[in-house]
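Asker: Below is one structure. I have some questions about it.
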Amino acid sequence: MSDPLNTEALADIIGCIPDDLTLYDLALTHGSTGRADYQRLEFLGDRVLGLVLASELYTRFPAASEGEMSSRLHVLASGATCAAIAQRLDLPALIRFGAQARSDGGRHSDNIAADAIEALIGALFLERGIEAARTFILAQWGALIDGQQAAPKHPKAALQEWALARGRRPPEYEIVSREGPDHAPRFRIAVSIGKLARAEAQGASKQAAEKAAAAALLAELEGQEK
């Protein structure tokens, strides 16, 4: 029998007392339980998050191009950002897991944390509407938006530009290893620019590991030029 949802902790996170506990119970149930889980709410919450962030970027940065806004949105809505916010709120402590996922460390998975906060946004949207979802999103993401003084450049794009500007071959990425269970994988990716330099990094997804590897290699190359 599952433990009852901690409604007091949930209310502290979303900023209001939930009326429809069924929605929030679903938003915080992992598929490993064998019950209905958060995947559909995650799908919805991901779209709500994107809409609210895109609208806010459009309003706050009137001179920004479509490409600049896309770069900002990519960072703000990334799995890494969502996971960091979920962990700061201690949201994983409320997620229900099956025994195997729990013993595999599911509560410490960034992927699951990111999925859960999107599912929570989906539940909040269904229960209280777009304005409540917007209030929650801006309360948690607002400081990050304010902190974006310039549109961030994706490390892979920056590394590509570095190589092209110096007449080097474009970066090449390869999977070194993939470990961990399906719900909490760990990828190790290597990136190299010919025989000039190489770096490796890990991530909870192939994309995250590639990004981290590109950032590591770029930092190394730029450090050599100083």
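Just so you know, glycine gets a Cβ as well, placed from its N, Cα and C.
Swiss-Prot lists these features:
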| type | residues | note |
| --- | --- | --- |
| DOMAIN | 7-129 | domain 'RNase III' |
| BINDING | E42, D115, E118 | Mg(2+) binding site |
| ACT_SITE | D46 | active site |
| ACT_SITE | E118 | active site |
| DOMAIN | 154-223 | domain 'DRBM' |
Asker: Tell me, what is the mean pLDDT of the domain 'RNase III' (7-129)?
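Answerer: Taking every residue of the domain 'RNase III' (7-129) together, the mean pLDDT is 91.
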Asker: Helix, strand or coil by DSSP: which one applies to E42 (Mg(2+) binding site)?
Answerer: helix
Asker: May I ask you to report the DSSP-based helix, strand or coil state of D115 (Mg(2+) binding site)?
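Answerer: Reduced to three states, the DSSP call for D115 (Mg(2+) binding site) is helix.
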Asker: For D115 (Mg(2+) binding site) and D46 (active site), what Cα-Cα distance in Å is obtained after rounding to a whole number?
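Answerer: Cα-Cα, rounded: 9 Å.
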Asker: A 10 Å Cβ contact count, applied to the recorded positions D46, D115, E118: which residue has the minimum?
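Answerer: Checked D46, D115, E118; of these recorded positions, fewest Cβ neighbours within 10 Å: D46.
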Asker: For the domain 'RNase III' (7-129), what are the DSSP-based totals of helix, strand and coil residues?
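Answerer: Final tally across the stretch: 92 helix, 2 strand, 29 coil.
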Asker: Just jot down the residues in the same chain as E42 (Mg(2+) binding site), at least 6 apart in sequence, with C-beta under 8 A of its C-beta; none if empty.
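Answerer: Same-chain residues close to E42 (Mg(2+) binding site) (Cβ under 8 Å, separated by 6 or more) are D115, A116, E118, A119, G122.
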Asker: Around the Mg(2+) site formed by E42, D115, E118, which additional residues qualify by having Cβ within 8 Å of the site's Cβ center?
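Answerer: Close Cβ neighbours, site residues excluded: Y38, Q39, L41, F43, G45, D46, C82, A114, A116, I117, A119, G122.
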